[in-house]
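**Student:** So TrEMBL has the following annotated:
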- 10-24: compositional bias 'Basic and acidic residues' (COMPBIAS)
- 135-228: domain 'Acyl-CoA oxidase/dehydrogenase middle' (DOMAIN)
- 241-377: domain 'Acyl-CoA dehydrogenase/oxidase C-terminal' (DOMAIN)
- 1-24: region 'Disordered' (REGION)
- 90-109: transmembrane segment (TRANSMEM)
């Protein structure tokens, strides 16, 4: 709801409702437990009845703005509400509706009132909507797309294919990125909102489903159009506005997709902790072994770091929308890396069990397979780096004000999300990085910020485009790591962070910034404090992210 333009957290917490409905994942009789989910994954299906549960709680309403009858207000709140779904099954989260959210953003941003109302009604009626930006032969090169929409009278004639599209087999509508001009100049492509139920079936077909390694329950297929007519009113925004609308929408969807992976590591970390507390080796539990204990604490620290970054970026979309372009791309680039590295480290504790696709810990292997596609899909890592690269000199130039406390403090009210305020290029002086420009920043992090500032100032124009070499791209990773450090410090100052986390998290980020500079710094007291907090949360039914959400999962086998 809204009060004087400010959104609040006053409504029922649908995340807790979903946790209760999904039940204990370690209960073998639970139809939404790990055993049932892994069995469904082996069949390349979603768990029986799971989508009906999401229909019952009206999850699609989370993707529709409140003014159109939905529940979308705060982006950080959306990430929290999606977490129970991704914590249970990432294929369910993506397959049920996040793709619809990605599609809808373009329409909420640039569509007509009629288009917005029509799409909102479709989603609120539990319809599925696909989005087709890319083409297999073009990768992330949107402006190289050949799928075309040519005007003839009051119609647009569609020709070409869109492939590897989620829910292509059952979507009632699709948002498609199409070439509408061939003259060049940057306005050759447009976005279309197409009602798939009203097409000439002789000129449109849904392509067969792809088999995938991860996210096997997602029905990835495609569309083929052969001279298929759609009304001119299918255009979203102006002709040629496709890249502008898509790239601004990406700022929100990148932040949300980065946050989606948090649930996967949360689930994986709990499963490995459960194993480590029960399994005995050398006369003690695995959790008592120093390496395992340190690994668990480190993975927990990285999960909280990723959550801090996602929290800062999703809230910056409200508070600092003009500056969101680069930080959203940085989150979509770095957070999947943090999560994947943590899952890989945890797999060492499980040992051979990690490779099994049956048994109590098969769910961990499924999470491992599902996590990488979340980082690759929609906008891959290099695509995100190329979003940051041309902005990097300007972001590090100037000494603007630091991001306000509301970017980090989830108890602070937020301005309503205004997609029209998003910009393709951020102004000079990154407000999140400015958090690091004070005396409380660790010297190693401050030195890295100074070094990156000098390196960015020395960049030549040819180093800021698609032809940039590895050295230039490496600067964008350093930028992302420093943004994560700023998010950690912001949480430590304005949030409710566990004891020992900030110092350990900053040490781990400093090691990533300069991996060959020195031997790792060990902080046994911080690790022990974090490990204790991890066990306490697991025993009391509290999740491992910053907001301490309630979970329903049994710690004892």
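Glycine residues also receive a Cβ, built from the backbone N, Cα and C atoms like all the rest.
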**Student:** Do you know the DSSP helix, strand and coil residue counts for the domain 'Acyl-CoA oxidase/dehydrogenase middle' (135-228)?
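**Tutor:** Taking each residue of the domain 'Acyl-CoA oxidase/dehydrogenase middle' (135-228) in turn, the totals are 6 helix, 46 strand, 42 coil.
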**Student:** Can you give me the average pLDDT across the domain 'Acyl-CoA dehydrogenase/oxidase C-terminal' (241-377), rounded to a whole number?
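**Tutor:** Taking every residue of the domain 'Acyl-CoA dehydrogenase/oxidase C-terminal' (241-377) together, the mean pLDDT is 95.
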**Student:** For the domain 'Acyl-CoA dehydrogenase/oxidase C-terminal' (241-377), what are the DSSP-based totals of helix, strand and coil residues?
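**Tutor:** Looking at the domain 'Acyl-CoA dehydrogenase/oxidase C-terminal' (241-377) with DSSP, the answer is 120 helix, 4 strand, 13 coil.
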